[in-house]
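Colleague: Can you keep this structure in mind? I'll have questions shortly.
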Amino acid sequence: MTNLVLFGPPGAGKGTQAEFLKEKYKLVHISTGDVFRYNIKNETALGMLAKSYMDKGELVPDQVTIDMLEAEVEKNSTAKGFIFDGFPRTHAQAEALDKLMDSKDSQINAMIALEVDDEILVERLIGRGKTSGRADDADESIIRNRITEYYNKTAILKDYYSAQNKYYGVDGVGTIEAITERLSAVIDKI
Ligand code: AP5
């Protein structure tokens, strides 16, 4: 199996790039944000709980997110590998993912981080908020709170994966095609 963590702050382009990479490398793409939004749309209990955090730009509690991610992986038991987008976002989630991969005699092969300046992130998300209907893109203060959550709780995962020699940083600014090529160069190397 090839298992990748596509990493980066809100608006870095994780979802956009995962769409291309999943086709190219025949991997299953799991976006925890998309799964939460699906549950919100369908008004499930998980969705209602997640919404109360997402609307403020805060992270959903770890155990809720870990349980959901494990269920998504189980649903795709025949996958030849995964692109994890938006997970892990905390140290506890990273440890849970390692345990899960270990239980499948597999591992995370790489964390690839899209590097984009904060002001570009804000500009991208304000632009998307005008048309996407995403509640967490609707207001600049919520967007900035998401970025703050990233620096406070998530950015430290760079150290977690660097310690395992699995961290790769990629410039996330440029055309979508150019960035796909940069990511592919890393994936092809590993
Ligand atoms: P999630 O859905 O993961 O959102 P996010 O991380 O905030 O990421 P985005 O989807 O906003 O950005 P992206 O990096 O995927 O960029 P995209 O390709 O969309 O999470 C939402 C919420 O769910 C969290 O805040 C949290 O509450 C909860 N959650 C999710 N996972 C969780 C977890 N593990 N633990 C706890 N809570 C969790 O692109 C953004 C925009 O930029 C688009 O408009 C796109 O068209 C544009 N764009 C992309 N690439 C380029 C480019 N190269 N040039 C110009 N524009 C570009």
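In case you wondered, yes, glycine gets a Cβ from its N, Cα and C as well.
The structure displayed is predicted, hence computed values, not measured ones.
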Colleague: Name the residue, out of Gly47, Gly174, that TrEMBL lists for the same ATP site as Gly11, Ala12, Gly13, Lys14, Gly15, Thr16, Arg128, please.
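Modeller: The candidate from Gly47, Gly174 that TrEMBL ties to ATP along with Gly11, Ala12, Gly13, Lys14, Gly15, Thr16, Arg128 is Gly174.
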Colleague: Do you know which of 31-60, 91-120 TrEMBL annotates as region 'NMP'?
Modeller: 31-60
Colleague: Sequence-remote contacts (6 or more beyond its ends) of the region 'NMP' (31-60), Cβ cut-off under 8 Å?
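Modeller: Beyond its ends, the region 'NMP' (31-60) has Cβ neighbours at 14-15, 18, 68-69, 72, 85-87, 89-90, 134-136, 142-146, 149, 153-154.
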Colleague: Taking the Cβ of Lys14 (ATP binding site) as the centre, how many other Cβ atoms fall within a 10 Å radius?
Modeller: 24
Colleague: Can you tell which of Gly11, Gly13, Gly15 has the most other C-beta atoms within 10 Å, given these are the binding-site residues?
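Modeller: Compared across Gly11, Gly13, Gly15, the most Cβ atoms within 10 Å surround Gly11.
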Colleague: Pick from Thr16, Thr32: which of these binding-site residues has the biggest number of other Cβ atoms within 10 Å of its Cβ?
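Modeller: In terms of Cβ crowding, the pick is Thr32.
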Colleague: Please identify, among the binding-site residues Ala12, Gly13, Gly15, Thr16, the one with the smallest Cα-Cα distance to Thr32 (AMP binding site).
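Modeller: Of the binding-site residues Ala12, Gly13, Gly15, Thr16, Gly15 has its Cα closest to that of Thr32 (AMP binding site).
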